[in-house]
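Presented below is the structure to which this report refers.
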Amino acid sequence: MNASDLPVANNTPVCYSIKSPPFNFNPSVTSIYFSAIFMALGLPSNLIAFIVLFKSFQRTCSRSRSFFLIFLGGLVVTDFMGLLVTGSIVVSFYVTHFNWRQIDPNCHFCNFMGMSMVFYGLCPLLLSATMAVERFIGINHPFARSTSMPKSRTVSMVLMVWLIAGCIALLPLTGLGSYHIQMPGSWCFFNISSEGKDMAFSLIFSLVGLVCIAVSFLLNTVSVVTLIKVCCGQDRTQRRRDHEVEMMVQLILIMIIASVCWCPLLVFIAKTVLSGGPLRIKYLLLWLRFATWNQILDPWVYILFRRAVFKRVYPRLDWSRGSVMSLYPSFGETVRRFTRASLKSSLGSDETEETEKSNVTAKSALKPEPPPP
């Protein structure tokens, strides 16, 4: 049923027009422990990650590294606030068992939670795609980005991502879709339906998330291939790319975590609305909890996968060498064997052009000057 197209009967608010509390639910499925554990794990993790990023930002001398840390800081703040806002509402429901119809007769609170779910869900995916674009430009087209670009522009890009996610979250309030109370009555989300405007918003949410993951995968793959060629090429001892390799490792892990956590939910929503079948609330709750793990695992990427941590774990290794690839000589030799052909072809073409230019110059120098009249 498309609730956004239906008139409100008997003065029933839209968010209660399809499902109305109280619900009969299974305590084993809707236990408070899920939300409490997610908050207990996620909030301290993101707080520690923010402190680590702040100290790294103060110590860094690399402009590209500082840009990347600003994006990571925006991602940490988003994950922290997402767990705090949505988790507090869910835990409060299980502790107090409040009646939504009594405390929120006009659906303002339900709309706020639904907007929060959409906003804090799309922000990490949009930020991951934005970071992938930034790293792609920084690695593959370094001269396209001005070295004098201020850090405030990166902050503006983070704010722009938040604005885009906020605009998408506001669409149901304008009539494109609608937010509804969901089983077991502890949370609100947009109506996943195969009819009318509800279907349109469901597809927008799902496709935006999937496109962000696809863009991240494509651009990160190209950036990794470029870095491997640089690290394993003939000039690998002259280029110090340790900080870029570290950033790419972190970005790839963020992409993998987002893909594993979010793809099941996004595919489930798209499949439900396109097939026209009934919404299976059991799987919706399962995949939603999968997606919540993204906000818990993300900060540990920044905490653990840093060179400073590796130095403490393996202090005997020579961490001052030209590239991190030198720590894995067998892997580096294997990759170098695959990239040598492309490197030689590019170098060969350059040498051919230089040879032709030198021949033309030599011929012009040997050519006798015409006699004077």
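A Cβ is built for glycine as well, from the same backbone N, Cα and C atoms used for every other residue.
Curation plays no part in TrEMBL annotations; they are all automatic predictions.
Annotated in TrEMBL:
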type     : residues : note
TRANSMEM : 32-54    : transmembrane segment
DOMAIN   : 45-302   : domain 'G-protein coupled receptors family 1 profile'
TRANSMEM : 66-95    : transmembrane segment
TRANSMEM : 115-137  : transmembrane segment
TRANSMEM : 158-181  : transmembrane segment
TRANSMEM : 201-228  : transmembrane segment
TRANSMEM : 249-274  : transmembrane segment
TRANSMEM : 286-305  : transmembrane segment
REGION   : 344-373  : region 'Disordered'
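Averaged across the domain 'G-protein coupled receptors family 1 profile' (45-302), pLDDT in this predicted model comes to 86.
Against the transmembrane segment (286-305), stretch 249-274 shows more Cβ pairs under 8 Å than any other of 32-54, 158-181, 201-228, 249-274. When the stretches 32-54, 66-95, 158-181, 249-274 are ranked by Cβ pairs under 8 Å to the transmembrane segment (201-228), first place goes to 249-274.
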